[in-house]
Every structure is written in structure tokens, then in C-alpha cells.
Amino acid sequence: MSQDTDVVSVPILGKEAVFVGFNLERRVCDFLIENAKSSAYVIVTDTNIAPHYLEKYTTALSEAAKRHGVAPRILTRVIPPGETSKCRSMKAEIEDWMLSQSCTRDTVLVAMGGGVIGDMAGYVAATFMRGIRFIQLPTTLLAMVDSSIGGKTAIDTPNGKNLVGAFWQPLAVFADLNFLETLEPRQFINGMGEVIKTAAMWNEKDFCLLEQNPTVILEAVHRPRVPGQFKFENIRNLLQKIILASVRTKCEVVTLDEREGGLRNLLNFGHSIGHAYEAILFPQILHGECVSIGMVKELELSRYLGILKPNAVGRVTKCLMSYTLPVSVHDAHIKKYAGYKKCPVDKLIRIMAVDKKNQGLQKRVVILKAVGETYEKHATVVSDEDIRVVLSHDIQVSPFDNSVSDVVVTPPGSKSISNRALILAAMAKGTTKLTNMLHSDDTQVMMAALEELGAATFSWEDNGETLVVNGGGKFKTPSKELYLSNAGTAARFLTTVAALVGENEQGGEVVLTGNHRMKVRPIGPLVDALRANGCSISYLEREGSLPLKMIPQNGLRGGVIELAATVSSQYVSSILMCAPYAQEPVTLKLVGGKPISQLYVDMTIAMMKGFGVNVVKSETEAYTYHIPKANYTSPGDYEIESDASSATYPLAFAAITGTKCTVPNIGSASLQGDARFARDVLAPMGCTVEQTPTSTTVQGPPMGQLKPLESVDMETMTDAFLTATALAAVACNSSGNEHITRITGIANQRVKECNRIAAMVHELAKFGVKAGELEDGIFIHGQSYKDLKTPEEGIYTYDDHRVAMAFSILTLVTPKPTVILDKACVVKTWPYWWDVLRNSFKIKLAGVESKETVKSVKLTRSRASVILIGMRGAGKTTIGSIIAGQLNMKFLDLDQELEKKLNTTIPDLVNTRGWDDFRQEELQVLQEFIDTKSSDFVAACGGGIVETPAARELLCKYVKEGGIVLHIHRNLDQVLSYLSIDKSRPAYADRESTKNVYLRRHQWYLDCRSHDFVSPTIESGNVQSKLETSMSRFLRVVTGKSTWFEKAIQKPHSFFLSLTFPNINDAISFLPEAIIGCDAVELRADLLEDPNSTTGYPSVEFVAEQFATLRAAIDLPIIFTVRSKDQGGRFPNANESEAVELMLAALRWGVDVLDLELGWSTESLQAIYARKENTKIITSWHDTAQRCSWAQPDEWLQKLDMATAFGDVVKFVGIAKSMQDNFDLEKFRKSFKGYTNKPLIAINMGTVGQLSRVFNNVLTPVTSPALPYKAAPGQLSVRQIITALSLMGSISPKKFYLFGTPIQHSKSPILHKTCYDLTGLPYTYDLFETESVEGVKDVLSQPDFGGANVTIPYKLDILQYLDELSDEARFLGAVNTVVPISENGKRKLRGDNTDWRGIVRTFVRAGANNLNGKNALVIGAGGTSRAAIFAMHKLGAKNIYLLNRTLVNAEKVKAVFPEEYNVKVIDHTKQSEISEWTKLQVAAVVSTVPADRPLPESVSKVIDALLSEIPAQKKEQYVFLDMAYKPLNTPLMSVASKHGYTCINGLEVLLQQGLASFEIWTGLAVPFEHVFGLYMVLCAKEHN
């Protein structure tokens, strides 16, 4: 290696060909003229670099040529920046241009730019005229240390990056570090990812240099440029040194292995996994950032395989974090730039399969065995199973299989001691060397914060075994807010540390913040104590929690400090450790009762003594401590004891499996209270415990022999209660009948990472273990491990390391493997716990990704209890009952529950005790409901529940933890009208008007709710039915049970109707005809005209009522669209925040689909995507500016990345100027599948573009001739599109039939021909009457056979010709619909049954949407009775009574159905029981007996009795259906009508089941209302 003042050369492949230095332009140009003589030099660069450097280099090259007396041509080519330029077309464009410039084989190409320019221009050089000379002039740090060195050149293809290229060595590489001055900070840091990678993989000495200098390097990187000054001047030598180290390594490796025979792929450390992430996250996330994440994952893989020590993972991770590189896809940096993108493990592994390092199907990854040293001299073969464990969000733990009997496990260093030691060492004078430090998220957060505060610097010795802390007790105002994630210990300790920051000339503030969970954890008592001591601290969000803002003053004043310490001992330790640096000695008084966790306070005092400060406990005052004013002195070396709380898990492993385990460095002399766990908990449970001062050994009893603990106080080891709870679940070896363990003294565990007591109770239930909360503890009913259930939905861990590890112990004895969700939560205290399970305990693990990770406390949304809030009179009780019925939950009115509890009425309570007392009682009832009934209930709150701040906080917390708080909104005028006639409620306090109360509470309702349900204004018709229909759609979306989307995208053609009315009420009358054939309806919110708006766009309230009106009018999904002006709509682009507000509101309304324009800001897109839950998103882009071309779709493809990331469906809309535009679009549609599997809506606007609408097959926007105007130019109707497809041959003519005899009078042909005419289908429907079922055989085999209905007598006989049956047809044992289907290219005939569907639809249309909790009656026991019973069960009937003249036949029908159908046969011969039957109140009745056959008198009497008693106020919901229709009004209908039933004859069922068959055959829906009138007129003519 040679060097001069400004440049250092590094040899590669036997030549001095890589030069690293400053101001190299003259050297570069002289090199070209002297060593690369040519008639033409071609400089290729991009538009980012050209303005800064191109003229400078062309001038320098011209001057060099003059100096040498030559006159070559100097040509320049400037191309667009970015990865999209690294493609075949750009390469061809440059080559064609070079040919046009008469470039020959002596041409020399100069690649001046980043990796894209170097790779692409290098590949041009490799292939132009079979290879020309070139040099690399890298302008980014990443290119300098990576892509420019080694001769790799390539371009990207649609299938992946760098898949086409060549090895072509440059003549030279010039890394001119002056280029870095104009490099954006993020791009510089991106390059640091590669620098760190090289050092971590190859040279620990280089890595140490990087570890020691992040602050000074980042300060220079972020320093603003000043003309005439080099921004890196103060780190000039350091910068060159770290870049040289990386360059030197790469040159050395390339020299040894130019063509990647094995050694060179070591340079791909971090890339196997990093490239997989990059394939998904690029371009939002940069290469070096992805490699950073990949490094961490590959380090974790090395550790998981038992090759790399845990501290090495922590060390490299901290180094990456110190340079602000992301270390996880969950980092804030990733969320900021690409938070909307998902990285499914299956996809990552699939991408990893395409890696040049692989050996066939075997994946190879660079595995490290130490920092600076690889496991092998080439990438190591690793199984997909092991990779999946590291990459997966969740982990599956298999039961113990007796593979080990005696194990020694050393837990990581104590989190409590590690964090205290970091604080004390940072404040101490001198250098402290810490060993056995815990490497975890918590300690990394603490170290990063202390560095940012200027308190200490950190470095590593002994290959990462020793942390060297250079402290001194001086603090400065940090340059940014201190993000503490979910590190509660760090938050509490650093709050007081931050108070020591003194005033400075620059001013500033200290902000402590954290993640969502951290922002609800308490810190109020500590803040109160510090405020009282003169500290300026304010809450930035929630009172009593982070984030905090602290204004530096004169530090801690000192003197007497009073602190409430009954919640957390960490408050005490925080003040104790900082007290010596107060302005005067401190007397710390703990007030409010007995302090919690005294042993942790004692630990802190003992550690302070080790650093030279003695705390004196008062002998005269309880819980009082005297701390002198002093400075800490470093003890030099300080060994951190292993974490005693963590030690409980391996010891519990021994206890539950009957094996032996030793923890060698925790014993009876430990400072930690949890060290008593073995002696005080495991021994009484039946374990043999041996404990020395420094070690603990546990031998468990035989499996199943653990003893329950009647009562154990765990106040001195509260964190260990979770481990004890897991063991107690299978502790049943006792003499008594009850195997109950009671654990007390752990109240503080309710305010840890989560409410741990509630969490354990909830998750134990998944194992079938009964448990419950005590005032300060938990009780657990132990049972045999053989009786445990395997939790089907997995164990939710609440982002709590101890919950995860405790349940990992219990899963060892479950029947089958158990999934533990969010495995990464253990990084807080034992990052490699899963590795220990695998390597030490030989437990089989598997990485899994749950389809939908359960949300907090508990519950998937589908079973979460629903809490209703809203004004009195909004309809909470009515809607609550509907929700309970539809979700099969129980309904509670919390006002009524309060009255029961206090044995009084609310008006009396208010009159006697006042509103304040009432509100407190109301709050208590709500708290009890959430604590005890968080699933399977619906609760209506009183309208004023939001008046109480604590209640609002409770509701908000419930939402954050996964519960549903539904705000019921009703038009204010309607509420006022209703309340004016309702006198049963107490007057508001101070006789306040209802309107004022509404206005005051309205924002509180909005603050507390997770969703909104706007009650529709229904002027006429069946109000209850429409309300139930609206609620049904809402609930299907909110609970994730909606399946329409999946069905719609699988159909050959699907459509949605575009509504463009200024007021939806004007559209209602058009809808029955307009929605024919449609799968959804689009509500264009931007076109609504709010009469009260002065802004030019409608208010949220107005749109809400319009949305509710539409949802009540149709039973179709709604697509909600706010189209901006730039995209062809009316909503002002300048009012983006208001547009986002509307879209977020639509999500809360449970809208089925949201159209999300890609033109909104990334922040808006992310905000909406983050809250989408079960709503589907169409990401749309309308090329109204006509900048995109289907023929050259680069612009479309640039949109595609973001469209697929945010959307479930992509919608691209162009403008057709010629018919060719439509054909180009189809070519794009075909190629689209190579980019993504997301559905595509792609159309052209305008009349010329109509053909594109015909070709589009997924959710094509349509109009209808029934509407007064179209929504967009060129829009077609469903009928027009289907007609066009038919004319083109895309839809072939088909023939449909009715099989049966006699069928001459059937009206089925009329029905189906009407439907064909309405939709444009080229189909026919005919009667096929045959005396034998054999007659249909030839028809079934015809190629144009489209389907058939089957009636008597062939519903059973037809089965012999069918290949398969639907589940319903198989269950009912009869077929009335034959459907030809294609499966793997083979035609099959499928039998279905729509009889039951016809019955269900008839009841729904009549208003009986849901029979939950109600009784039903079926009369008759023939074939149709089965369909009727099936339909009643589908509608949710509680009991289904069956009445038939012949009891034995009724019993036969009953025997067909499972027990859960609750079919009960009525014995009509027992006339003495008639009085009992009148009490049944059957809400739904289906008669299946012929109308012309008189019933026995005993049967008639029973029917009359059964129908006689129905609630007068609910008569419209009681429906009688007679399957007979000759005559139209049957005798039984007359009886039912007399008693108040809504009566329907069988003609409607025939129509409904026929429409159901039509939908099955065609995929198109025709609304019943549109064909009903015509059908009934024709049928009436026939009967009359």
C-alpha cells in the first residue's frame, strides 16, 4: 500500500488500483490521460451529481489533456437518478447514444455516481463492443466501500436486482472523500451500514474504532455546509481511516477470490436476509439500512445455532444503533419511511432462495463465531426451519420429550443491577469495567440515553465480555428527545438523571418519550417529588405518564424530598442514586404507606456503597434515608450478578419436567429478592433445592407431582410470581379436593409492562385453567398437566418478557405445540431465551406467523365485549340488543346493573346523593364490567359516562387494549324529539338543556370511541329490519367476518356502481334497479353537497348521515371515496387533513372498502393504513395530467410499489386517446401479474377507453340506465359490458333447465329470462320434463349446459349424476340446483340446495333478520321441513319446535339434526299442555304442509295456542311463512294473521330460491324488489 499527503492506494488483484483520499480530480484526470489513452472519454453520471461535479471534472480532464498535448473528445451522459435507471432500456439507451457518437473500442468510460451508476455503466463497459476500459468514480460512501470495488457490474430485471451482469474489473477506483460533503446524511449513514458490516465480519480492531466514534462522526455528518470549509475537516483522518479499513478488507478478499468461489461471499454478511428485506422495502428503505437489519438477524441466527456468544449480538446491535441505523423492521425509522409495508416470513424465505451463495436448494448464510471472525471461510448452510425461527414474529414451543435430565444454565446479567451499574458508573469519576452486563433492549436504551446526555462514553474489551464506562457525572442538554421504547426502568431512573442537567447558554430542554405502552405506564409520584424539589417538568400528553419535558435549571435542589413509593420501588432508587449530586444533602422520606419491593431499595443502597457513597437509614423515622452530598468513585472492576428473576425460568423448567437444573452464579448471598424463589416457592411445591451462597440447584418431582401452595406472599420477589403462576396451573398433588394456589403481595404487578395479574388470568383460561384476581394477588386452580388444553389462538404476551417466558414453561407440558406471540418481547431481559430452550433444554421450536396477532388484553376483536356510549335517546339499548343478537353475546344495560347493585333507581340516587356520587358509582360499575366481562358481552353505558375523566381514561385504555367502544350517533333533532316525550330520566344537573349537554359531551364521545355507528334516518318501511341490516354490515367488517371481497375478486367479472348524487336521499328510489349485477356501491363523498357547509366540502357529520342512509337502503358493500380535484374529483387538495379526517371517520363507521389516492402525502397514507383494520383499501391513481403511458409504463410502475404496499386492490386510471391505448393497457395488465398478486382495476377514461372497461374483470366501476347521469366519461352499465363480452365471445351462450315432472305451470323460465334480460347474459332457460331421471343424462353432458334447477320427484334421484355436493346439500340430503364447475381443467357437476336460502331471504326481507334467543316453529315433517329447520338454525333460533300429525315422522326428522339445533318435537295429543305452549312465543313459523290437506283438530288447536301470545310492541318482527301458495292466502295464514303475524306465502320463497340459483350460476345478483312485482303479477294471473 502506498500513500502521499492526500491519497492512499490499496492493492487489488496485484495492482495499485484503488485510491482513497481528498481532492482527487487532478489525479483522476492525469491517470486517464497517462494510463488510459483514448480518442474519447465518456462520463456517465446522474442529475443529482451533475450540477455539483460534472463541469469540474470535464474542465479538469480538458486541462490534463492540454498538459499532455492530446485532444480527446470528452462526452457526457446524464441520466435520471435511482434504481429505476438500472435497467435494460437505460443500458440500451446509453449504448445507442455511444454508437451515435461514433465511440469505438478505445473509448474509456467514467462511472461517476453511486452504486446505480457504477453497476449500470460498468455493465455497459463490459459489453460495449465486447468490452471497453472504464474507471469507477464513486460519489457515495456505500459505493466507495462496496459496489465500486471488485468488478461486479449488473442491471435489474422485473424478477430481481442484479440478475443480469458481468465481472468486469475497472482500471482504477478513485474514492474522493470530498464527494461525501454533498451526500445527504441519510445516504452517508446508509454507507456506514456496509462499513460496520465489513469490520464486524473481518476485523475486530476496525470494529472497535467504529464503536468508539459514532458521536463525532454523526456530528460531522449533520453539520451544515459552509462555503469554503470542508465539513469533515475535524474528522479528516478518522474518516479516511474507517473508509480505508473497509476498502482494504474488500480488496483483500477480492484478490483472494475474484469470482466468488467461496471466500468472497463472506462480504455478504448481513446480505442474505438483508437482501430479502430490501426486495420488499426498497426504495423507501436503503441498501445499507436493510443490510443493518440483515446483520442483526444473521447474528441472532448465529447465536440461535449456538455458535456466537450473546454479547456479540448486543455489541454489534448497539454499534448499528449508535449510527442511527435500523436494527429491526419495527424500528421507528422503518415505520417512518415504509411502515405500511409488510415483510411476511414466507416471502422473505422465498426471496432468499434466489441467492448466488446458495448450493442448489440449500440456503447459505454468513455465520459469525465472534466479532471480526466468521464461523467458516465461506457462507454456512442453514435450514429454512432455523431461519424461520429467527425471522418469525411468533414462536411455536413443542412439549418436553425427556431429551435432557441435568442442565447447567447461566442467565444473563440482572437487568436491575445492569441498569443501576450503568447509572452509577456514568456518574462516577474514573473508568469502570462492567462484566456480565445484560445485553438487551433496555440496557441499550439506557446506554444510548446516557451517551446523548453526555454522561459517559462506552467501549468494549475482551471480545465484548467487558463494558468499559468512562463517566464523570457531567450532563448536557441532548440534541434530540430521548426515546426509551418500553424500558420502564430506564424511564424512571433517567427522569431524575435528566433533572441533574444544568442550565446552559444554548438553552434547550430534555424530552423523555417512549412507545405506546410506555406512554400509559405511571411515573406521576416521581414527577411530583421532583417538581416539589424545584424541577421544571411537564407532561406532553397523558397526565402521569411519558412523554415528559424538563427545562434544565440548577439541577436537583436537595434537602427533604417526600416520595410516594407504594407503586414502584424504582422511584426510590432513581432519587437515591442521583441524590449525591444535589445542591445539598438529601433526606428522602417515603410516604403513603409501606413501600413496595424493599429488597430492590436495599440493592440500590448496597450498590451505591460499592461506588463510594454511604446511605444512612434513619433510626428514628420509618422509611427515611439520609444521602450525603458526594461524588461516586469507580470501583474499577464490577461484576454484575445474573438476573434472579430470569433464573426462575430454568429452575421452573426442572420443576415442571422432573429434571435437574443448576444456576451457577446466584445463591443465598444474592442482593436480589428473587433469589429466594427456589427456597420459598419451589421447595414447598415438592422440589429438592440445594443452595450455596453463589449457586442454586433444583431437582423437580416426577411430572405431575407438583404441590399447590395454599398461600404464598411474594412481595419480596414480585416479578417471579408469573413463573410461580405457570407452575401452579399444574400443581395438583395435594390431599384436599381443591388444588388452589394463592399468591399475594404482588399488587405492583398491575402497573408493569402490562397488568400482569389480569394477563395471567386471561391467558391461563386458554389452557383450560381457572384463575382469578385477588386484591393484591392471584389464585390458580391447579389441574393435571394431562388435562391441559393447547391454546388454539396462541398466547398473547402483552409486550411483556416475563409473560412470554413464564408461559414458555407451561407449554412444555401441553398436549401439542403451543404458539407464543411476539417472541421478541424477551429481549428486555433475556434476548436469547429461545436459544437456551433449543440448545440447553433441547426443546423443538418453530417460527410461525399468526394470521392475525391478537390485540392486547385478551381478545380478538370478534369476541371482544362491545361498550356502547352516546347521548341518552341515541338508541343504545335498541342497538345493543341487535348487536348481542347478531354476535350471540349477552346484553347488559349498565344503568340497570347499577340500580340492581344499589337497589334503587337512578333518579332516586341522584336526588338523595347527588350527581357526583352517582358518577362514582357509575364509574365503579364500568370498571367491574371491563375487569370481569371483557369478552362476549354488549354493554350500554349511560349517556353521561364520559363526564367523568377516570371513565374516559378507562374507555380509552379499553380501546387501546383491543376492546370495542362504539359511539352511537343519532340526528340531534331526532334525539331532542324523542326525549321531549320520555319523562323516565332524571333532569340534567343544573337543568342544563339537552342540546348544550350534547355539545359539551360530543368531543368526549369522539375521544373515547374506537368506532362510530350512525343510526340511519328511516322514514318508512321496516325500521327494525333496516337497522339490523345496517348493523349486520357494520359488524361483519369490524369483527373481520366479511367475505364478500374474497368472493368478488375470484369471480370472472365483478362490478361496483358509482353514485354521484349530491344527496343520497335522492338516489334511494333508483337503487333497486341500478344495483343489478353489482357487487358493491361507491359513495363519492367529495360530490356530496352539505347545505350547511361554507368550506366547499361536506362536514363529517353530514357525510356520516349520508353514509348511514345508504347502508340502510342496500345490503351491498360500500366503497367510500374522497376524490381530490387533482385526481378528477371535487375535494380541494389543499385540504388534505380534512380529507384524511373523512377517511378515518369512514374506517370508524366500518366501511367495507376505502378508496385511497396515492397523491396524498405518505404521512396521510400511513395514518389511514395504520387504522384500516378489516376495511379493504383500493389504492388509486388517476392520470388526469396524462403523464403516464401504458406502452412505456415506467411511471405506472413507480406508483405500483406504493400502491401494492398500501392497497388490497390497485386501481390505475388512464385516458385513452386512441384504441391502441386500450391494447397497451391490456399488455400492461398481463405483465402486472409478474409484479404482484394484488388484484388490478385498470381502465381508460373517455369514450375511446370504453373497451378497457370491458376488458377489466375486477370491480369495474359502472353506471346504470336507471341513473340520471354517469359518474365518469365513458362509463358503461353492467348490461353493456356483459353484452360486449358476449359479442366478443368472452361469455359463451349457455342453456339452463328445470328438471322435474309435472312442471308445465312453472314460472321459473319467466324469472330467469327476466334476469338474463336485465344483465345482458346470452343464456336461455327452458323446462325439461321427463318421466325418468335418466332423461337428463344427455343434457348434463352437453358443452353448453350452464346449470339446472331440480324439483320433485328428482331431488334425490339426481345425486347419481353429480360429482360432489355442497355442505348444505349433503346435510339436507336433497339437491335443487346443479352447477357445472371447472377444477384443474376438468368439468364437474356440483349439487346445491337453495331451498333453505329462499326461506332465510324471505324472513330477512320481512324484518326477521335474527332469531337469536327466540323460538321457531316448523309445521310438517316432509322433505321441505329439513330445509326449514336448517334455515331457522341459520337465522339463530334458540329452540326449533317441530309439529307434525304423525309423531314418528317428526322424530325421524329430528334425528337428522345435531343436538345444538335444539329441535324439539311437540306431541299434539297432549292437549293438557296447551297452556304451556302459549308461553313459547314463536317468532318465526314455517308451514311445510299442503294447504289443501286439512289438519287434525288436535294439531290445529296446538298451532292456535302457539301463535296466540306474541308481544304487541314487536308484532312486525313475528313472521309466518306458508310454503304453500295455492291459494295465495292459506287457512294457516289466516290463523296467523289473526294473531298479528306478518304472513308470507310460498311464492316469495320460490322467487328467492330461484334468484339464489341465478347468483350461483352467474355470480351476478338481481335485487328481489326489482323482479318481484312482475313475477307476482304473472303468478296472480295464473291462479285467477
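Glycine is no exception: its Cβ is also placed from the backbone N, Cα and C atoms.
The annotation active site, proton acceptor is assigned in Swiss-Prot to E260, H275, H1182. What Swiss-Prot records for C825 is active site, for EPSP synthase activity, and it gives sequence analysis as the kind of evidence. The active site, schiff-base intermediate with substrate annotation in Swiss-Prot covers K1211. Swiss-Prot lists 46-48, 83-86, 114-116, D119, 139-140, K161, 179-182, N190 with the feature NAD(+) binding site, giving sequence analysis as the kind of evidence. The Zn(2+) binding site feature in Swiss-Prot is assigned to E194, H271, H287; the stated evidence is sequence analysis. What Swiss-Prot lists as ATP binding site is G870, M871, R872, G873, A874, G875, K876, T877. According to Swiss-Prot, the region '3-dehydroquinate synthase' annotation covers 1-384. Look at Swiss-Prot and you will find 397-843 tagged as region 'EPSP synthase'. Summarising the annotation, Swiss-Prot assigns region 'Shikimate kinase' to 863-1058. Residues or ranges marked as region '3-dehydroquinase' in Swiss-Prot: 1059-1280. Residues or ranges marked as region 'Shikimate dehydrogenase' by Swiss-Prot: 1293-1584.
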Return the stretch with the most CB pairs under 8 A relative to the region 'Shikimate kinase' (863-1058), choosing among 1-384, 397-843, 1293-1584. 1293-1584
Using CB atoms and a 10 A radius, I'd like the single residue among the recorded positions L180, C825, A874 with the highest neighbour count. A874
Closest to K86 (NAD(+) binding site): which of the binding-site residues H271, G870, A874, going by Cα position? H271
Given the cut-off of 8 Å on Cβ pairs that are 6 or more apart in sequence, determine whether the region '3-dehydroquinase' (1059-1280) and the region 'EPSP synthase' (397-843) share at least 3 such pairs. no
Between the residue listed as 'active site, schiff-base intermediate with substrate' and H275 (active site, proton acceptor): CA-CA distance (Å): 29
Which residue, of the recorded positions H271, H275, H287, R872, has its CB surrounded by the fewest other CB atoms within 10 A? R872
The answer, for which of the binding-site residues G870, G873, G875 has its Cβ ringed by the most other Cβ atoms inside 10 Å, is G870
Restricting to the chain of K876 (ATP binding site) and a gap of 6 or more, list residues whose Cβ falls under 8 Å of its Cβ, or answer none. L868, I869, G870, A940, C941, G943, I968
Any further residue of that chain within 8 Å (Cβ to the Cβ centroid of E194, H271, H287) of the recorded Zn(2+) site: L142, D146, G193, K197, G270, G274, H275, G288, C290, V291, G294
What recorded positions among V116, T140, E260, R872, A874 are found with a C-alpha within 10 angstroms of that of H287 (Zn(2+) binding site)? none
Distance from H1182 (active site, proton acceptor) back to K1211 (active site, schiff-base intermediate with substrate), taken between C-alpha atoms, in Å: 8
Any idea what DSSP makes of C825 (active site, for EPSP synthase activity), helix, strand or coil? helix
Same-chain residues six or more away whose CB lies under 8 A from the CB of E194 (Zn(2+) binding site)? L141, L142, V145, D146, S246, H287, G288, V291
Would you count the other CB atoms within 10 A of the CB of K86 (NAD(+) binding site), including those on all shown protein chains? 22
Near H1182 (active site, proton acceptor), which residues of its own chain have a C-beta under 8 A away, given they sit six or more steps off in sequence? R1123, Q1127, G1128, E1157, V1213, M1245
Compile a sequence-ordered list of residues in the same chain as D46 (NAD(+) binding site), six or more apart from it, whose Cβ lies below 8 A from its Cβ; state 'none' when nothing qualifies. V78, I79, P80, P81, S85, G113, G114, V116, I117
Among the binding-site residues N190, T877, whose Cβ has the fewest other Cβ atoms within 10 Å? T877
